[in-house]
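Working notes, structure below.
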Amino acid sequence: MQSGTDTKLFFYIKKNQLIMPGEQVLLAFSGGSDSLYLLYFLKELRKHIPFSLEAMHIHHGIREEEAERDLFFAKRKAEEWEIPFSFVRVDVPGFSEREGLGLEEGGRILRYRALERKRAEWESREGRKTKLALAQHMDDQAETVMHHLVRGTGIAGLSGMQSIEENKIRPLLCLRKAEILERLHVLSLAGVEDSSNSDLSFTRNYIRKELIPVLERINRHAVRHIFEEACFFSELEAYFRKKAFLFIEEFAEKKEGEIALPLKALKMEDAVLRREIYLETLRLLRGNTKDISRAHLSSVDKIIFAGNGKMVELPGKALGKINGKTLVFALL
């Protein structure tokens, strides 16, 4: 490795087994500074770990001239470094309008959907483990945790993004944005700038531009401390998820579209574990826990003491209701 930043990233990848010999890695390559550095690093990493690398760019159908510029830059850079490249165009404005979503959320959904489709196709075609590499860094982690915190969240939300999560890897979580920019400067590399990153109407941009600087004035190591706390909460989440899973395995009655939990057994557990049991049950039922906040879990916890027939509607077309001696989670 040619620099301290590269060395730090190399050992982070090795320690967390993010990339193993013989695997395939698909990089989400926007052309911005973060994904540009990650593409450069992964290109160099293949000298130390044998793995296949491809880059994929998503054209979101917004900022038309800028988006075409980004696509051209990403394609040219991948070709210059002899890295297989592909791209896909998605209609974020149309999708967001149809689904009643903001552009930020609609773009995220379509982006990951396209990337996952490509990842799965590549894995199926070659028969080798294939991972999607994302270029989120430590500052992004701090923004994510603060975003979850101000909306109301539990242990999972405070754990932020994981370095490895199913088929996704986030190698840059160990690095500050400033470290990435400094390394690119030394390499005489510069990514494209997304003008929407300056739009403070997007919540994450507001957190990045306004909130994080205030926290760093209080403590200049605030971002690193938030990152470290996210690591702690990640360990805590793993512990409680294991406990919740064991409870569900022992007590839950599962039917098509619903899961029933005995009230007597629930009431014997501490409130903090009960909330994790509800969350894990919803994960099993819905396939995810998107938009489930601490407030939702607390509302469910209240009805287990309120008597038969009480009900709480939950995000993702789900509900929790008391049915006799059980708490039933069901899909609407």
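Just so you know, glycine gets a Cβ as well, placed from its N, Cα and C.
Annotated in TrEMBL:
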BINDING   S30, G31, G32, S33, D34, S35  ATP binding site
DOMAIN    24-210  domain 'tRNA(Ile)-lysidine/2-thiocytidine synthase N-terminal'
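Features recorded in TrEMBL, as mapped to the structure shown.
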| residue | record | contacts (Cβ under 8 Å, 6+ apart) |
| --- | --- | --- |
| S30 | ATP binding site | H57, I58, D70, A74, A135, G191, V192, D194 |
| G31 | ATP binding site | H57, D70, L71, F73, A74, K77, G191, V192 |
| G32 | ATP binding site | A135, G191, V192, E193, D194 |
| S33 | ATP binding site | I180, L181, L184, A190, G191 |
| D34 | ATP binding site | A135, Q136, H137, L172, K177, I180, G191 |
| S35 | ATP binding site | L27, A28, F29, A135, G191 |
For G31 (ATP binding site), the three-state class that DSSP assigns: coil
Per-residue pLDDT averaged over the domain 'tRNA(Ile)-lysidine/2-thiocytidine synthase N-terminal' (24-210), given as an integer: 94
